[in-house]
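See below for the structure under consideration.
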Amino acid sequence: MDSVRRTYTIMRGRHIDKRVPSKEFLSALDKAETAVRLPTGTGKDCGNPSWKRSLPHVLVASLTSLLFGYHLGVVNETLESISIDLGFSGNTIAEGLVVSTCLGGAFIGSLFSGLVADGVGRRRAFQLSALPMIVGASVSASTESLMGMLLGRFLVGIGMGIGPSVTALYVTEVSPAYVRGTYGSSTQIATCIGLLGSLFAGIPAKDNLGWWRICFWISTVPAAMLAVFMELCVESPQWLFKRGRAAEAEAVFEKLLGGSYVKAAMAELVKSDRGDDADSAKLSELLFGRSFRVVFIGSTLFALQQLSGINAVFYFSSTVFKKAGVPSASANICVGVCNLLGSTVAVVLMDKLGRKVLLIGSFAGMAVSLGLQAIAYTSLPSPFGTLFLSVGGMLLFVLSFATGAGPVPSLLLSEICPGRLRATALAVCLAVHWVINFFVGLLFLRMLEQLGSVLLNAIFGFFCVVAVIFVQKNVVETKGKSLQEIEISLLSSTQ
């Protein structure tokens with residue numbers, strides 16, 4: 001371990017690395033790493049660290065995803081009673097604002113998520129994301145006006161904007177390589193559980209006008225749990241290493257991986273950090289530097305994810321099912337169950353089939369299901385056929401989304417981003433996600449009225465086909481590779 005520490009000192013000392021001859025430096029580093037490479041197998045027999053050490057930390061971080069899913073769906077069943085109680089019933093613009101204001105707040109939160117995560121660390125960033133979600137949900141639950149509701153939703157959105165970025169960072173950085181995909185997918189399961197929970201919680205709102213307030217109060221409990229339990233979790237070793245706290249990073253690796261894997265993990269960090277400036281990442285490096293390709297892939301994936309229309313399904317599925325003559329409560333629960341089922345499949349397959357295969361299959365399945373829904377709203381099928389194709393197509397759409405297009409983009413981006421730029425790159429890409437999400441939420445009902453279901457589904461389906469082509473041509477496979485191996489491979493290919 002001493003050789004790794006010496007190499008670390010050379011690299012991280014202020015400007016010392018600029019005076020070290022390149023060949024001498026690389027030779028010293030290679031000698032330090034010769035006997036401490038991380039295993040790349042897929043099980044215990046291959047010498048991998050136990051996944052049980054990191055699991056509790058991932059579960060606590062997943063509370064952010066649970067809150068994300070809950071707030072994503074909390075207005076689905078309750079929007080009608082909220083509009084009646086607060087006096088804007090029938091105003092589609094106001095109803096759209098209740099949804100999209102949250103997304104506007106999420107955009108603001110995502111813009112600053114990288115600065116927060118790099119500035120105060122991942123653990124404190126989680127706690128800072130919980131605070132506006134607690135305050136915002138409390139404001140929404142107790143308000144008597146539309147403006148109060150919008151303020152509360154905006155504050156919740158800020159927390160939602162910070163949370164997913166930090167979750168993707170943290171889970172990626174504390175997970176062993178051989179289960180990183182599984183853990184990344186498990187956060188999507190937490191999102192599904194939160195979404196399904198919001199749908200169940202909202203069922204009484206149909207008969208109890210004031211029940212929607214209880215639905216908002218419920219969300220303060222997991223937010224408070226996140227803030228408290230994060231005190232018991234470890235900090236990201238990558239963040240500690242970047243801050244010059246190598247000894248603490250070693251201690252964290254020992255907790256996460258076990259003592260016999262600390263040397264290998266530290267050597268990998270040193271290798272990925274060699275030659276990099278220790279200063280904080282700059283936005284210009286992402287937009288004009290050698291990491292632009294990473295940001296381009298991530299931003300495009302998030303954009304296509306939203307342009308597929310998935311969140312329009314979650315926000316307004318009650319309205320869509322009502323038009324099809326299906327009881328919204330039971331249909332929405334079916335949506336939540338399909339989402340959970342697809343996410344479970346993703347957990348099983350993520351580290352077996354890989355990210356790229358799941359993305360292609362997911363977007364292809366979504367395109368097919370949108371085609372079925374478009375046919376349902378033509379004059380071709382019988383009334384029963386219309387019901388079967390519209391509802392069945394929507395459920396297939398959600399199932400397909402949850403197997404790849406849902407969990408993969410944030411996981412993939414957190415894997416392919418260079419360590420020093422990871423938080424900033426995620427913030428930029430998630431900002432793109434929230435901007436498009438905002439406009440989809442704001443304009444979906446109006447577009448449904450003016451364009452009709454057939455044309456709208458055709459537009460969403462077109463973007464799914466574009467996504468299949470884009471993934472095939474641009475996305476690299478990261479299954480089973482350490483973060484440092486991925487980073488070195490990508491950066492060397494762009495030089």
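The backbone N, Cα and C atoms fix where each Cβ goes, glycine too.
For 55-75 (among others), the entry in Swiss-Prot reads transmembrane segment. Here the transmembrane segment (55-75) has long-range neighbours at 82, 98-99, 102, 126, 129-130, 133, 137, 156, 159-160, 163-164, 166-167, 170-171, 174-175, 183, 186-199, 201-202, 215-216, 218-219, 222-223, 225-226, 229-230, 232-234, 256, 311, 314-315, 332, 336, meaning same-chain residues at least 6 beyond its ends whose C-beta is under 8 angstroms from one of its own.
Within the same chain, residues 71, 75, 79, 82-83, 124-125, 128-129, 132, 136, 146, 149-150, 153-166, 169, 239, 281, 315, 423-428, 430-431, 433-435, 437-439, 441-442 sit at least 6 positions outside the transmembrane segment (97-117) and bring their C-beta atoms closer than 8 Å to a C-beta of that stretch. The transmembrane segment annotation in Swiss-Prot covers 97-117 (among others).
Annotation source Swiss-Prot lists transmembrane segment at 131-151 (among others), citing sequence analysis. Same-chain residues lying 6 or more positions outside the transmembrane segment (131-151) and placing a CB less than 8 Å from one of its CB atoms are 67, 71, 82, 86-88, 94, 97-98, 101, 105, 109, 157-160, 163, 213-214, 216-217, 219-220, 223-224, 227.
For 154-174 (among others), the entry in Swiss-Prot reads transmembrane segment, with the evidence type sequence analysis. Nonlocal intrachain contacts for the transmembrane segment (154-174), taken as residues 6+ away from its ends with a CB within less than 8 angstroms of a stretch CB, comprise 54, 57-58, 61-62, 64-65, 67-68, 71, 101-114, 116-117, 122, 125-126, 128-133, 135-137, 139-140, 180, 183-184, 187, 219, 223, 234, 236-239, 256, 410-411, 413-415, 422-423, 426-427, 430, 434, 483.
Summarising the annotation, Swiss-Prot assigns transmembrane segment to 183-203 (among others).
The transmembrane segment feature in Swiss-Prot is assigned to 214-234 (among others); the stated evidence is sequence analysis. Counting only same-chain residues 6+ beyond the ends of the transmembrane segment (214-234), those with a CB under 8 A from a CB of the stretch are 56-57, 60-61, 63-64, 66-67, 70-71, 74, 78, 123, 126-127, 129-131, 133-134, 137-138, 140-141, 152, 156, 159, 174, 194, 198, 201-202, 205, 252, 255-256.
According to Swiss-Prot, the transmembrane segment annotation covers 294-314 (among others).
Here the transmembrane segment (330-350) has long-range neighbours at 73, 76-77, 181-182, 184-186, 188-189, 191-193, 195-196, 199-200, 313-314, 317-318, 321, 358, 391, 394-396, 398-404, 406-408, 411, 479, meaning same-chain residues at least 6 beyond its ends whose C-beta is under 8 angstroms from one of its own. Annotation comment: Swiss-Prot describes 330-350 (among others) as transmembrane segment.
Swiss-Prot lists 357-377 (among others) with the feature transmembrane segment, giving sequence analysis as the kind of evidence.
For 384-404 (among others), the entry in Swiss-Prot reads transmembrane segment.
With a threshold of 8 Å between CB atoms, the same-chain residues lying at least 6 positions outside the transmembrane segment (425-445) that come near it are 92, 95-97, 99-100, 103-104, 106-107, 110-115, 161, 164-165, 168-169, 281, 283, 286, 291, 294-295, 298-299, 301-303, 305-307, 309, 311-312, 315-316, 319, 410, 413-414, 417-418. Positions annotated as transmembrane segment by Swiss-Prot, on the basis of sequence analysis: 425-445 (among others).
Per Swiss-Prot, the feature transmembrane segment maps to 451-471 (among others); the stated evidence is sequence analysis. With a cut-off of 8 Å between Cβ atoms, the residues of this chain six or more beyond the transmembrane segment (451-471) that come close are 300-301, 304-305, 307-309, 323, 356, 359-360, 363-364, 366-367, 370-371, 373-374, 376-378, 405.
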Outside the transmembrane segment (183-203), six or more residues from its ends: residues with CB under 8 Å to it: 54-55, 58, 61-74, 76-78, 167-168, 171-172, 175, 211-212, 214-215, 218, 222, 314, 329, 332-333, 335-337, 339-340, 343-344, 346-347, 350, 402, 406-407, 410-411, 414
